[in-house]
Amino acid sequence: MSATVRKVLQYVISLAIATALLLYLFQDFNFQLIAEAFKKADYKWVVLSAVLTFTSHLMRAHRWNIILKPLGYTPSLYTSFLAVMSGYFINLVVPRGGEVARSGLLQKMERIPATKAFGTIVLERIIDVLILGTLIVMLLAVEVDQITQIITSTFSSKLSGLQSKFYLIVIAGVGLLLLTVLIFFRFKQKIQQSLLYAKGMDIVKKVLEGVVSILKVKNQGAFWFHTIGIWAMYYLMAFVLFQCFPITSDLSPWVGFTVLVVGGIGMAAPVQGGIGAYHILITPVLMYYLASKNPQKDEVLSIVTFMHAAQTLVTIMIGGVALWLSTAMTKRQNAQSLPEEDMTEEEIKAVQ
């Protein structure tokens, strides 16, 4: 399968998943509530959230420079920021496509090899996954009862039929696990020679290498300051949006932490900008914590839609401008690299 076909399939599948999630969520939904949410929202908090979003991305660009420095590269904060934001913008169209575009843009703007830049982006993603995993463990350690209730209340109709078959499910699960172990040891040599096993071990190797690479960063203080700062901004930019509506304005900071973690899982889903996944995960969370106010599900879903849209639109605006500026910069640099009359026909076409 060619790379182009694979990318097209990835895009179509992710779009289909997002569409299916949205259709499931918004069936029999009163869309007038979304219009009312946008009309009644207090937009000064949206502006503050936008500033926090900008700050988080600026800190990410600064941290990227810190990671690149030991490799012998010192790009300007401006070009790194343009590449970061362009990557986020492209991710909204092609999930995970932004990482490749980001490294490619930095190569064009700063002459940093795309392969090395991409390696540092992989390291960043590993760090983000490790932090999100840590936050998930923290959330479950403190809120395990609440999370269990949220899951139970959300899927009660689907889980009710399984309660009577609980022991059967446990036995089947243990049996399946044992069968998997037996198959692995029976066909161990063949499995280890398979492409799937090789890819899996390669992922594990990269994760371990990434963890070791973190320790090799020279400016550890600045690195961890920006890492913690990025996630602090993520927390605040979602939490301040609670203030946009009276019904959510008195939610506690801990609810904001829950939204950060659960929302992080939704945004990591293989769909454009977490569309659908974010909504389907955050809506029951807010329904649970707003239970004393007895809100309608459609009302909460409209607020979640507003929160997601507010953050996504900021990324679209900043990312769109960043992509335009970075593209213009690379075209200008290419045009100035050689006098046009000295360029080959292929080089002129590349500039155009």
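All residue numbers here begin at 1 and follow the chain in the order shown.
Any Cβ shown, glycine's included, is placed from N, Cα and C.
Keep in mind it's a predicted model, so treat the numbers as computed, not measured.
TrEMBL annotations:
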type	residues	note
TRANSMEM	12-31	transmembrane segment
TRANSMEM	71-90	transmembrane segment
TRANSMEM	126-145	transmembrane segment
TRANSMEM	166-187	transmembrane segment
TRANSMEM	223-242	transmembrane segment
TRANSMEM	254-280	transmembrane segment
TRANSMEM	300-325	transmembrane segment
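Of the recorded ranges 71-90, 126-145, 254-280, 300-325, the transmembrane segment (223-242) has the largest number of C-beta contacts under 8 angstroms with 254-280. Scored on C-beta pairs under 8 angstroms, the neighbour of the transmembrane segment (300-325) with the top count among 12-31, 71-90, 126-145 is 71-90. Most Cβ pairs under 8 Å with the transmembrane segment (126-145) belong to 254-280, among the candidate stretches 12-31, 71-90, 254-280. For the transmembrane segment (12-31), the residues of the chain that approach it from at least six positions outside its boundaries are 95, 269-272, 275-277, 279-280, 283, 298, 301, judged by C-beta separation under 8 angstroms.
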